[in-house]
């Protein structure tokens, strides 16, 4: 008998464990109070978290080690676990099953009974009954006492009492399937990445619990497994995967038996200049920290002070350190378990339980100081980093003082390049940050000077991810930007009230250079002015890369992808693709095929740097870009593929391609003007990231390209053999009667064009910059802009499928 089964048999978790605090109608009247914002998606996803949290509470109690979350095709969600199963007996006070009580009564559940759960997420979430209240329908299945039970609800109202649907079932657990209310939520489409982030978080925090996330909504099923045995130490390493750690991880575990409060802490310093501290109470993230965070900070400062004094290193310090200096480059996950946690609001973003503070502070001080004394070499590296931070802070202070003295002597302290607007009200004022004087000149001519200011930045923009604060202040471009915004910079000086524009718009060219400059500016704002992002003041302009003209009509297109889409759609409207002289694809069906063909061709372009493009394509569409090519059963298909390849590449100077099979490689060869041309395909190449993805995508169009294809566009007929030929033919047909102009930069547009496409508030498109998950954003900026190469390579590989056209 397993540990979980023994606990299940011993459990006293029954109907009498359920305590009731009544009322459910209020949830439907004011859903935002109970589930979060019903308009921005946070409340919608919290519906899943409420059900998952119940399963995790079972795991915390030691009764569950598997949780499944499935996004179903019909838009519903299923959450299941292998815990004890919700109690099914009749509740003495209510006269209905305990399961129905839990689902229909507010504040009903085992969390109110200390014998059922020692710790849980607290009372502010108010439980799964809220999910029921805010669902069009909900279905609850319970496996308990070798019996399967079922109960259904419509808009929170019970259809029929809990019923037994199957007996003699060797299974335990709970399964909840719900469809969110279309009347309550503005949008009921779940975001896979948001759910993935939260479930990964929970898997790290609950070592040994396996969480499976499956998305069945699309043709290609997506499944991710989260299972970590390293706990929060593994979490810290995951968060810091794009940085160099200064030392091995410090791990602190502490239990206070009197209060029932326990602490798990993992942290290390890295070579960056930014702190990243994640705080959790009973698995729930506190974005605004609280008593556990303030306790950690004060405890850590005490540790550094004591260690410096004990070792005499304080005498070597040029400058006194601050609390911020001690946390420069720190990555920390702090998780506390509290029997009765108190939060500042229902969103649980800040812990206010005062009893947590002394326990956390004392544990941090005692255990971390002990670690320092046991690891003197690592401690010295940490102390050196803190002293460097203190010195840099002092240098930055002197640089700011010098800047202030200069500004006092100037008539105006606004930068000379800034073409300011006439409006003095920040709420209506806009600042466009543009690259170079050329684009700046055009923008100044085309703008509405009443409300639009233009700031051209000339020269190389500093990558602040790799620069200390004092070096950043020495950058002309960054200094100009800080002065123009008026807020100051860093925690001591920054004031959002002094911001001169409530729309700060990054406007760069629509090419790869513009993207790089935009990323550098986004890095600066994220690292040093995150308040602008949090308040929704930062935007990205969407200038066009192309202008297409057809007859008298003109259209501006944002990028290469938009141009290709336009040309393809132009041709598709008059196109028919016939398969084996029978089935015909037109309009939506042809458009769906072309979207796959475009993606397929993009992957081929990437892979062509490693192997011949034509051979790769012909093998892929014959399902041979895999280990099947080595099987004798595939010889006939390989011969057919070679015949197709040779018909495409006929040349009087070249012989046909031939093939030789070896144990771990395939050799393709032909003679060109007497010289042998060889292409070697290794078995290990077939197992590479690029080829696996090409092969997967090829299977989705296999049925089409295994037939004889004829394309007709406006009475013109074309024989089609491969996806590349289909795409190129469609694009060429789409170009007929159309002139295309490519803008190399914003400076190539005249002022009227720039106004019409990018500046005019009535016509333009702006992208507002938002941060959904801070630690995910932290990881992305560290990966893309940091010093470590390997995580960046992995990021590019894993996201290559999402790139259709790469402008290089």
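The backbone N, Cα and C atoms fix where each Cβ goes, glycine too.
Here Swiss-Prot flags 429-544 as domain 'Toprim'.
Residues annotated as Mg(2+) 1 binding site in Swiss-Prot, with sequence analysis given as evidence: 435, 509. Every protein chain shown contributes to the tally, and the Cβ of residue 509 (Mg(2+) 1 binding site) ends up with 23 other Cβ atoms within 10 Å. DSSP assigns residue 509 (Mg(2+) 1 binding site) to coil in the three-state reduction, outside any helix or strand.
Per Swiss-Prot, site 'Interaction with DNA' is recorded for 460 (among others). Within the same chain, the residues at least 6 positions away from residue 460 (site 'Interaction with DNA') whose Cβ sits under 8 Å from its Cβ are 477, listed in sequence order.
Residues or ranges marked as site 'Interaction with DNA' in Swiss-Prot (evidence: sequence analysis): 463 (among others). Secondary structure at residue 463 (site 'Interaction with DNA'), taken from DSSP and collapsed to helix, strand or coil, is coil.
The annotation Mg(2+) 2 binding site is assigned in Swiss-Prot to 509, 511 on the grounds of sequence analysis.
With the fewest other C-beta atoms within 10 Å around its C-beta, 511 stands out among the binding-site residues 435, 511. In this structure the C-alpha atoms belonging to residue 511 (Mg(2+) 2 binding site) and residue 435 (Mg(2+) 1 binding site) are separated by 12 Å.
Rounded to a whole number, the distance between the Cα atoms of residue 509 (Mg(2+) 1 binding site) and residue 463 (site 'Interaction with DNA') is 19 Å. Model confidence over the domain 'Toprim' (429-544) stands at 87, taken as the mean pLDDT rounded to a whole number. Neighbour count (other Cβ atoms within 10 Å of the Cβ, all protein chains): 15 for residue 463 (site 'Interaction with DNA').
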